[in-house]
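Participant: Dumping the structure here so I can ask a few things about it.
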Amino acid sequence: MEQTFFIIKPDGVKRGLVGEVLKRIEQRGFTIEKLEFRSQVSEELIDQHYQDLVGQSFYPPIREFMTSGPVLVGVISGPKVIETWRTMMGATRPEEALPGTIRGDFAKAAGENEIIQNVVHGSDSEESAKREIALWF
């Protein structure tokens, strides 16, 4: 069975969206294989997670945001879970996310000099899922 990794980001936890996100995962028929609440995430872990972005001019605010508060991380499984979860999340940029997606319903567009608060992360490929699961668990 295919697996993917997800994060409910600090904005999702702070805004009380954990239950809503987990409900959508379960309603879709996916199995929650692992779930862990992290009250604090280190900069080192975030740097490893976003290794392809480290060094980019836009990266420091992402690191700051991802270490700003608690997160919920997990592994879900099911048929075509990577593709389906990414569809359920919606577009990265809130203004492009369709209604009915997690980001379309709950994400906040960034103002000038603000970081996008898009509630969730999901692995973008089978390779990324394996790497991220090994990194976080």
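Using the three backbone atoms N, Cα and C, a Cβ is placed for every residue, glycine included.
Take a look at what Swiss-Prot says about it:
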type: ACT_SITE; residues: H121; note: active site, pros-phosphohistidine intermediate
type: BINDING; residues: K9, F58, R86, T92, R103, N113; note: ATP binding site
Participant: Whole-number Å distance between the CA of T92 (ATP binding site) and the CA of H121 (active site, pros-phosphohistidine intermediate)?
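Facilitator: Computed Cα spacing between T92 (ATP binding site) and H121 (active site, pros-phosphohistidine intermediate) is 9 Å.
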Participant: Rank the recorded positions R103, H121 by the number of other Cβ atoms within 10 Å of each Cβ and report the first-ranked residue.
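Facilitator: Output for this query is R103.
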Participant: Between K9, F58, R86, T92, which of the binding-site residues has its C-beta surrounded by the fewest other C-beta atoms within 10 Å?
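Facilitator: Candidates: the binding-site residues K9, F58, R86, T92. Fewest Cβ atoms within 10 Å: F58.
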